[in-house]
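Novice: Handing you a structure now.
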Amino acid sequence: LCCGINPESLPLQCVLTGNWTNDLGSTMEIKAVNEEGSFNGTYNTSVSATSNKIVLSPLQGYQNCKKESSQPTFGFTVNWNFSDSITVFTGQCFVDKKGKEVLKTMWLLRSHVDNITDDWKATSVGTNIFTR
């Protein structure tokens with residue numbers, strides 16, 4: 001029971017658990033969401049500004065459990081194993097008119113800079129849409 005919610009009691013529920021692919025071809029696996037809404041998983045990006053070899057990276061997040069919702073909000077952080085950057089995602093899990101699950105997200109990527117004068121260029125923002 002994710003967040004203590006019985007999935008059978010809700011119409012067309014969007015469930016975070018499982019495998020997802022975004023509009024850029026990156027993939028992630030979200031493992032089971034516990035009763036408090038906590039989850040972890042892995043992320044494999046298909047895009048990167050680094051010349052380092054891209055490897056699977058861990059993610060840790062939360063689904064909001066305050067309201068019994070079939071389309072929950074969530075957030076997670078990816079700690080990139082191949083660079084000195086970190087990304088936070090926030091979004092909502094939707095079920096479209098055809099019953100297809102969609103994750104609409106916005107992200108902030110924080111890159112390492114060598115000094116505070118370069119701080120202005122250290123954070124990027126974007127959006128991604130994930131589907132099964």
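In case you wondered, yes, glycine gets a Cβ from its N, Cα and C as well.
Because TrEMBL annotations are produced automatically, they should be read as predictions rather than curated entries.
What TrEMBL lists as disulfide bond is CYS14-CYS93.
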Novice: Other than its own, how many Cβ atoms are within 10 Å of the Cβ belonging to CYS14 (disulfide bond)?
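Specialist: So the Cβ neighbour count for CYS14 (disulfide bond) comes to 20.
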Novice: Using Cβ atoms only, which residues of the same chain lie under 8 Å from CYS93 (disulfide bond) while being at least 6 residues apart in sequence?
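Specialist: CYS93 (disulfide bond) has long-range Cβ partners CYS14, VAL15, LEU16, GLN63, GLN71, PRO72, THR73, PHE74, GLU101, VAL102, LEU103.
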